[in-house]
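Per TrEMBL, transmembrane segment is recorded for 29-52, 64-81, 101-121, 142-167, 187-211, 244-266, 278-298. Feature annotation from TrEMBL assigns domain 'G-protein coupled receptors family 1 profile' to 43-295.
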Amino acid sequence: MLSNILDVNTSGSRNEDSSVFSKTEHSIIAAYLIMAGIISILSNIIVLGIFIKYKELRTPTNAVIVNLALTDIGVSSIGYPMSAASDLHGSWKFGYSGCQIYAGLNIFFGMVSIGLLTVVAMDRYLTICCPDIGRRMTTSTYVSMILGAWTNGLFWALMPIIGWASYAPDPTGATCTINWRKNDISFVSYIMMVIVVNFIVPLTVMFYCYYHVTQSMRLHAARNCTAYLNRDWADQADVTKMSVIMILMFLLAWSPYSIVCLWACFGDPKKIPPSVAIIAPLFAKSSTFYNPCIYVAANKRFRKAMFAMFKCQHHQAMLETSSVPMNMPQSHSKA
């Protein structure tokens with residue numbers, strides 16, 4: 001995620017592999033990464049398992065959620081283990097090539113995840129606020145939006161490798177990120193573009209979409225015309241809850257990193273406390289396991305499917321226990 005590019009240089013050491021943390025602090029961080037990684041992998045595997053088991057949940061809209069789960073698994077299975085191993089070691093232990101791979105993949109999955117969250121917001125807006133357009137959206141439309149998110153992530157991950165900024169071990173010495181020690185025009189321009197394209201723009205789109213979704217639902221609720229909302233995300237209360245949670249969690253996860261990032265760009269990175277530099281990225285990494293929780297908590301049909309899977313119920317039994325439809329209109333299944 002953006003957490004992998006928003007750690008800052010808080011050490012004056014000339015040795016980029018040295019650490020500003022003690023062995024105990026590294027051990028605490030490693031324990032958190034191991035725990036968070038296990039929770040994230042298991043929760044996202046459960047999400048994928050539900051879609052595999054219940055074919056009726058495999059809609060184009062839910063394909064976005066599947067891709068989001070894949071990005072979270074990518075971060076959890078690659079980023080968490082390598083960082084935890086380095087923390088236990090006390091410094092980065094995978095060499096230069098490992099540093100490039102680690103930082104590149106984490107930024108790649110992070111940017112893709114943000115793009116997919118934006119696609120979810122756009123889908124909710126078109127489906128609820130512009131139903132005529134929403135009904136015309138096809139499988140190809142969703143594939144294009146999903147590929148756009150992956151392409152955007154690939155672009156920003158490759159830029160430091162080919163020369164726009166660079167990757168290097170961070171101040172803790174146990175993870176790799178954008179090289180804050182080269183606080184030059186290349187670094188500043190890259191970071192500013194990342195903030196604009198992958199934070200400000202997505203946040204603006206999400207706020208706009210979910211604001212109008214909320215207003216539209218209130219309007220139709222007043223007219224007792226809520227039936228049309230039961231297309232993909234349960235009833236209007238669930239959609240409203242999901243919208244609010246999505247915005248709040250997005251702000252909660254990424255705002256601290258943008259602040260730290262701007263501080264590093266226009267202030268003195270050495271004045272940023274090491275604790276601030278490491279707590280912010282660790283905090284944002286939690287998004288890999290709270291994303292599945294958002295969809296389970298806000299989607300009655302998905303929640304029922306999860307319980308049915310744990311009880312080893314077949315899909316027909318799951319359908320009979322749920323009265324809230326989840327699928328999109330038939331036009332969504334047509335290419």
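Glycine too: its Cβ is placed from the backbone N, Cα and C atoms.
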May I ask for the residues of the chain that lie six or more residues beyond the transmembrane segment (187-211) and have a Cβ under 8 Å from a Cβ within it?
2, 5, 111, 114-115, 117-118, 121-122, 124-125, 129, 152, 156, 159-160, 164-166, 178-180, 243-244, 246-247, 250-251, 254, 258, 261-262, 264-265
Give residue numbers and ranges for long-range contacts of the transmembrane segment (142-167): same chain, 6 or more residues beyond its ends, CB-CB under 8 A.
60-61, 63-64, 67, 99-100, 103-105, 107-113, 115-116, 118-119, 122-123, 176-179, 182, 186-187, 189-191, 194, 197-198, 332
